Every structure is written in C-alpha cells, then in structure tokens.
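Enquirer: Before I ask anything, let me first share the structure, which is written out below as structure tokens.
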Amino acid sequence: MASTKTQDERLAEWNSSVMKYLIPNDVVLSLYLILGTIGNITVILVYVFKMKVKRDDRFFIPVLASVDFIACLIGASFAFTWNIIPVKFSNGIVCEALWFVSQAVTIISAVLLIIIAVQRYLKVCKPSFIFTQKMKNVCIILAVCFGFAFSVPIFFYYGSVEIYNPKLNVTGFWCGQKRENIDHVIIYDISAVVVAVIASFVLIILYILIGKAIYQKFIVFQQSVKEGKYTKKHRSSVELESVLSVDKDKDSGSSRSRANSIEDLVECDTYRRKVKRGSADTLDQGRFFTIGQHFRTHRYSYMFMTITALFIIAYTPRLALMVLESMDPTFWNKPNDAIAGFLFLYRMYILNHAINPFIYTFFDTRFRKAVSEIFCCCCSTRKSVSLC
C-alpha cells in the first residue's frame, strides 16, 4: 500500500504518527507556557511597580524574570511548532531563528545566575566591597552580549535537515543539527558542555563558600542565645544590624537606604510580635527566633541557591542529548515513543524558567504579600461586579 501513496501522503502519515506520540509532551508544554508566562509577568509587574521599596537583594529578580518569560514563551512556542510538524519542518530560517533565541536566552540566564552568585558572595563574605548600580547594569549588558555572541554559530550548525524513513520510503525535514559540518558541530557542542561544567563548578564553589559563612554566623548567633548573651536589648541591636543590609551603592542615594531600613524594620517588628505570641517557653522561643531570624537574614541567598540548583538539574539532560545527537547521525531515527521521551528531557529546561516565580513566592514575604493583595483585590472587584 505504501507504494501506491504519493510522497506527500506518506510524509503526512509519518508526521501524524510522530505527532500522536507527542501529545503528552504538548500537555506538559502547555503547563510550562501557562505557568511560566503568567508567573513571570506577575513577578515583573509586582517587583517593578507594586513594590516601590527596592532592596539590593531584589535587584536582579525582575531582570531574571524577564529572561525566564522570554525563555518560556519562545521555548514553548518553538517546541509546539516542532511537535506539530516534526518531520515537515522545511522552513530553515524559522528553525535557525528559534534555535538562536532559545540558545541565547539559556546562556544569558546562566550568566545572570553567575553574576547573582558573585553578588551574594560579596554581600555575605566580603561586605566591605561595594557592588554599585553601574556595575550591575554593566554586568547585565555583558550577559546579554555574551549570550548572543556565543549563540551565533547556531546559524551555521542548526537548521532544517533531511531525515529519511526507510519503512515508508520518504524523506522529511527535521529542525536540528546540520550534518555538513558535523566536526564543527561536535566541537561547538562539546565547548558548550565544557563551559556549562565550568560555570556549574563556579556556582557550586561560590555557594559552598556562602553556605559556610552563613553556617558560621548561625553557630555564633545560636551560641550567644544559649549563653544568655543575647538579651532583649542586645537582640534589638543585632536585629538592626542584620536586617539593615541596605544597598551601599554610591549611586543609590540616602533616601533609598532609609526606605530599605523602614521596610526591614517593619518586617522585623512583625516577626518579633509573632514570636512573642507563639510560645511562652523561653528556651523554645529562643530556638524558634534563632532559626527564624537566621532564615530571614539569609533568605535571598537560600532562594538563589535553590534557583541555581534547579537550573543545573534542568539543563543537564539537554546538554547531554546535544552531544549524543552530534556524535550519532542516526540518533533521532528511533521509535516514536523513544523520540517522545528524549524530547521531554530535551525540553525540561523550560521547567526551570516556569518554576522560578513560585520560588520567589516561597522565599520573599513582601512579594507574597503583594501578590496576595492583588489577588484579593481582583476577587473583591469581581464579587462587587456580580452583585451589581
């Protein structure tokens, strides 16, 4: 029967058979797209417009959320397009452009995480160093430039390539690695892996140093509570010292520093009242306060540690599959269920960009409160409209 069908009919049959196996992948991509776009837009709007008081710790969050938003939108859209026409992707220009943007955004996100890790290290381990506003802006520009520059080879090594199905005796078009300059493709992919491994080690080392410094501070703080040196008067002074981690940038101005102080004092006073209401037992209250205050003081370090760990986990399968794809010319000539499984791992990196807003919500109490206020306001407005 296959011989009586035209080439277009056989190609459509092949495309349809692959597309059916990718339906579960489409469902996952839909979740990535919905959660990632809505979540990151919410982060950008809240941090930029709702939270008028800006902290040095929060500076990179809306920047990272903007990159995450683009990654979710472009990455998921690219994946959906690929799933609809897996073996009929004949438009090489669209394929190269989508590959380029998704790769560039990935690299920009990784560089931003390294910059954030350096900032956290300086803040925790080298507090005398001033990370100015100008330095932050320059770092962001460098991250964007590096991401686009490192992704330029995509236009030479990726595109619409022919793929043959011997069973149906038909040739389709696959959006992936070109085989003409396969040696260069292998070198590029291995270079990307090496850079990723080096970046991962840098991030791990920086956060180990940060974690060590935080742990030492916690031990000293906890010991002072146990020995009774941390009196009520001393507690107030330590609270002031720990929470007033204001932006020391020369370009920021004194008004911004005072605003940070007011915000942190309000949060600290609210926390202290909760502690007093929580328990009458002095020892338990002291332990609760010690752990709670430690977490509050270093919550942004823990938050970015979590984001970085998830980033490394989510991107590792993609890098491994890129190398395997370049090494094996028949890598994608596998049963449809195997292709669906590989594509799920290949696109797992989008999960990292989609889940970050939930990490911000968990760690940043001010952001969580702002989002709750917006949600409650929307609910009350909807109720009032329905009553009318």
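The backbone N, Cα and C atoms fix where each Cβ goes, and this holds for glycine too.
Pulled these features from TrEMBL for this protein:
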| type | residues | note |
| --- | --- | --- |
| DOMAIN | 39-360 | domain 'G-protein coupled receptors family 1 profile' |
| TRANSMEM | 29-49 | transmembrane segment |
| TRANSMEM | 61-85 | transmembrane segment |
| TRANSMEM | 97-118 | transmembrane segment |
| TRANSMEM | 138-158 | transmembrane segment |
| TRANSMEM | 186-210 | transmembrane segment |
| TRANSMEM | 302-324 | transmembrane segment |
| TRANSMEM | 344-363 | transmembrane segment |
Enquirer: Which stretch, 61-85, 97-118, 138-158, 302-324, tops the Cβ pairs under 8 Å count with the transmembrane segment (344-363)?
Expert: 302-324
Enquirer: Out of 29-49, 61-85, 138-158, 186-210, 302-324, what stretch is closest in contact terms to the transmembrane segment (97-118), meaning most Cβ pairs under 8 angstroms?
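Expert: Top-ranked stretch among 29-49, 61-85, 138-158, 186-210, 302-324: 138-158.
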Enquirer: Within the same chain, where does the transmembrane segment (29-49) have neighbours whose Cβ lies under 8 angstroms from its own Cβ atoms, ignoring anything closer than 6 residues to its ends? I mean 6 or more beyond.
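Expert: Sequence-remote neighbours of the transmembrane segment (29-49) are 58, 61-62, 65-66, 68-69, 71-73, 75-77, 79-80, 83, 347, 350-351, 353-358, 360, 367, 370-371, 374.
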